[in-house]
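To start, the structure itself, in structure tokens.
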Amino acid sequence: MRSLPLLLAFLLFSLVCLMYQASDACSCAMSHPQDAYCHSDIVIRAKIVGKKLLDDGPFGTLRYTVKQMKMYKGFEKIQHVQYIYTHDSESMCGVKLDINKYQYLITGRVHDGKLYTGLCNFIERWERLTLAQKKGINHRYQLGCNCRIKPCHSLPCFVTSKNECLWTDMLSHFGFPGYQSRHYACIQQKEGYCSWYRGMSARDKLSVNTTDP
């Protein structure tokens, strides 16, 4: 019988630990790549060539050494990125990147002259990006930074101003990222309104349709 209180105490302790871990986990809102681009200080394509754990603070900071291939945004803040910083713990939204394997598209914010990134930033292996995303990073996303991509989580949902594009990827049963994230940019037109923009083949030229997709 004595073992029953101990068992209950152990189960209660385990439950508290699980609740603490759940509350301490990293939580990020879904973001269209264009929003990630527009809200970032720095956007680069780089290869990770080294890493070092820095002991500053209770959780530690991981410093990656990068070989920058190209900078798409942020020339006025950092001319050339040599290091990027992230939390060592994934529960604190720290990101784990492979060394000497892949080229990554990396977005982040600058603080005290250092580039910080994490799980809530847009980070992806370069070869996994679609052609439309690569064109977006190169120039198209910049054209839509005055637009607002409005998430639609459940129907009905509507745009409420001319600078909005309705983002419906969350309604798809195919999961995230969806078709709009992978193939569309929300661009401001000459008339002042914003609409989804998709690059097509040369013979089809380029099409803009306010209701597509």
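One-based numbering along the chain as shown.
Cβ atoms are placed via backbone N, Cα and C, with glycine included.
Where the annotation comes from TrEMBL, it is an automatic prediction and has not been curated.
For CYS26, the entry in TrEMBL reads Zn(2+) binding site. Around CYS26 (Zn(2+) binding site), the C-beta neighbours below 8 angstroms that are at least 6 residues distant in the chain are GLU90, SER91, MET92, CYS93, GLY118, LEU119, CYS120.
As annotated by TrEMBL, disulfide bond applies to CYS26-CYS93 (among others).
There are 10 other Cβ atoms within 10 Å of the Cβ belonging to CYS28 (disulfide bond). The annotation disulfide bond is assigned in TrEMBL to CYS28-CYS120 (among others).
Residues or ranges marked as disulfide bond by TrEMBL: CYS38-CYS145 (among others).
Long-range Cβ contacts of CYS194 (disulfide bond) within its own chain (separation 6+, distance under 8 Å): GLY144, ASN146, CYS147, ARG148, LYS162, ASN163, GLU164, CYS165, CYS186, ILE187, GLN188. Residues or ranges marked as disulfide bond in TrEMBL: CYS147-CYS194 (among others).
What TrEMBL records for CYS152-CYS157 (among others) is disulfide bond. Counting every protein chain shown, the Cβ of CYS152 (disulfide bond) has 15 other Cβ atoms within 10 Å.
Under the heading disulfide bond, TrEMBL lists CYS165-CYS186 (among others). The 10 Å shell around the Cβ of CYS165 (disulfide bond) contains 25 further Cβ atoms across the protein chains shown.
Positions annotated as domain 'NTR' by TrEMBL: 26-145.
Marked as signal peptide by TrEMBL: 1-25.
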Note to self: Measuring Cα to Cα, how far is CYS152 (disulfide bond) from CYS38 (disulfide bond) in Å?
What the structure shows: 20
Check: How many Å separate the Cα atoms of CYS145 (disulfide bond) and CYS28 (disulfide bond)?
Finding: 21
Next item on the list: Between CYS38 (disulfide bond) and CYS157 (disulfide bond), find the distance joining the two CA atoms and give it rounded to the nearest Å.
Entry: 24
Note to self: Counting Cβ atoms within 10 Å of each candidate's own Cβ, which of the disulfide-bonded residues CYS38, CYS93, CYS145 comes out highest?
What the structure shows: CYS38
Item checked: Under 8 Å by Cβ from CYS157 (disulfide bond), counting only residues of that chain that are 6 or more apart -> LYS150, LEU166, THR168
